[in-house]
Amino acid sequence: MTELLRTLFATTPGTSLHLDGDALRIAHPERSGRNLIPLIRIDHIVAWNGVALSDDLLHRCAADGRTVTWVTRNGRFLAKTIGPLNGNPLLRLAQFRAHDDPTRRRDIARACVAGKLHNYRQLLLRTARDTTGNRQTQLRDLAQRHAYALTELDNASHLPEILGIEGRAARDYFQGLNLLAPGVATGRSRRPPTDATNCLLSFGYGMLRAAVHGALEHVGLDPYLGYLHGIRPGKPALALDLMEELRPLLVDRLVLTLINRKQLTPQHTETLPGGAVQLTDDGRKFFLEQWSQARERAWPHAGLDRKIPAGLLPLVQARLLARHLRGDSDTYLPWTPT
């Protein structure tokens with residue numbers, strides 16, 4: 001059980017959470033004592049498989065506007081309980097109109113991809129500075145391909161072109177994953193991940209998706225109506241859109257640091273009979289502790305000319321998108337630190 005930045009991560013199977021006055025009480029059949037956390041210290045509860053919440057706690061969270069998110073053992077989103085949303089029909093109407101305007105939809109999608117490519121390029125260049133020889137040359141070549149992709153993106157006039165540029169850049173990046181984590185990963189594998197690097201990436205993306213989803217709801221946007229990812233039934237397309245620019249430096253950089261510094265140990269992951277790799281309970285606890293520390297780091301925001309804690313970047317970007325949709329800014333400004 002870990003309380004991080006006003007988010008309570010309940011990961012241990014058999015744990016139950018209860019309302020105890022104005023506090024949350026944590027119970028486990030193998031642990032004695034009354035473990036209480038004042039509700040005022042918690043904005044969000046994330047519960048893994050095997051964790052139960054009492055009805056009275058759920059009702060209190062809904063009444064207070066406190067979100068409860070359920071995820072799988074691998075960190076994939078399952079469901080969410082929230083209280084009444086703040087009605088903002090004018091903002092949502094503007095969101096829908098922008099989606100139906102081919103030019104505006106293209107421009108927002110392009111901004112999301114530009115932020116992603118820029119930040120992946122920065123990650124590649126940073127890694128190249130810390131190495132030598134052929135690996136350094138290959139990393140710089142890969143970063144240059146991302147620079148070319150950014151130039152192509154500026155000239156793209158239709159959404160399918162943007163999607164093609166993004167897809168090729170993503171393929172190049174993940175094919176070069178072995179350059180970023182030598183001897184550990186050979187490419188992107190998901191559903192299921194088949195190595196420790198991909199296991200951590202999938203888990204981290206799940207945590208980021210939950211944060212972005214909540215930020216969009218907080219500002220009054222519909223997380224399911226996107227611009228790059230469009231309308232995908234059952235998929236939070238706008239959350240996936242805004243994740244793109246945040247993934248390289250908030251998730252990938254953290255995962256690669258843990259892998260390359262050998263902070264991830266064999267006890268943190270396990271291989272299932274079918275070959276899938278997942279985090280153990282110790283591994284989930286370890287990653288969430290690292291995730292919390294990373295969220296506290298203040299990153300420069302080139303567009304706003306100020307530093308912002310990583311944990312607030314999803315909310316800042318959701319607000320910037322809302323400003324653009326309302327007509328208060330001419331363009332959507334993706335997050336880049338330089």
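Cβ atoms are placed via backbone N, Cα and C, with glycine included.
Taken from TrEMBL as is:
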type: BINDING; residues: Glu166, His229, Glu244; note: Mn(2+) binding site
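Compute the center of the Cβ atoms of Glu166, His229, Glu244, which mark the site for Mn(2+); besides them, the chain residues with Cβ within 8 Å of that center are Ala109, Cys112, Val113, Lys116, Leu163, Leu228, Leu240, Asp241. Annotation for His229 (Mn(2+) binding site): same-chain Cβ neighbours under 8 Å, separated by at least 6 residues, are Lys235, Ala237, Leu238, Leu240, Asp241. Taking Cβ-Cβ distances under 8 Å and a sequence separation of 6 or more, the neighbours of Glu166 (Mn(2+) binding site) in its chain are Val113, Lys116, Leu117, Leu228, Glu244.
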